[in-house]
Amino acid sequence: MAIILGIDPGSRITGYGVIRQVGRQLTYLGSGCIRTKVDDLPSRLKLIYAGVTEIITQFQPDYFAIEQVFMAKNADSALKLGQARGVAIVAAVNRELPVFEYAARQVKQTVVGIGSAEKSQVQHMVRTLLKLPANPQADAADALAIAITHCHVSQNAMQMSESRLNLARGRLR
């Protein structure tokens, strides 16, 4: 069993999603958004750090998964996004959580089956995969999709390791 916290970083809205994985079964534990309504960036970063720290304290995750930085339309946006990611990662590292990063395209490919999927498609598949009564908010859905991606990637890696070990022992041909 593992609890995974997924984070969709943003300097104004940071989405989070928490799921439990038992074997191949995924269970929804919680999701939402950290909204920073102040104007100055240092205060927003402080709120993101405090919010992520509070979520970690509440859910006690085993793994922390976050979206990688993509090339934003302007440099200022990319820098702010990078700083928001940074404080979220620091919150995880301060709690000694292993941090995993996934590209947005990989997340969409894993959850929807198309790397260029629309937000509405991600929301629908997250709802379906986690058996939710309604589509989660867009940023929370992205965070849940990041957590789901971590489950799939780590499960595939574990299966590959077991196969290699069995091959080395002469059990597979």
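The backbone N, Cα and C atoms fix where each Cβ goes, glycine too.
Here's what Swiss-Prot has on this protein:
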ACT_SITE  Asp8  active site
ACT_SITE  Glu67  active site
ACT_SITE  Asp139  active site
BINDING   Asp8, Asp139  Mg(2+) 1 binding site
BINDING   Glu67  Mg(2+) 2 binding site
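Here the C-alpha separation of Glu67 (active site) and Asp8 (active site) works out to 6 Å. If you take the Cα of Asp139 (active site) and the Cα of Asp8 (active site), they are about 6 angstrom apart, rounded to a whole number.
The Cβ of Glu67 (active site) has 25 neighbouring Cβ atoms from other residues within 10 Å, across all protein chains displayed. Long-range neighbours of Asp8 (active site) (same chain, six or more residues apart, CB within less than 8 Å of its CB): Thr14, Gly15, Tyr16, Gly17, Glu67, Asp139, Ala140, Asp142, Ala143, Ile146.
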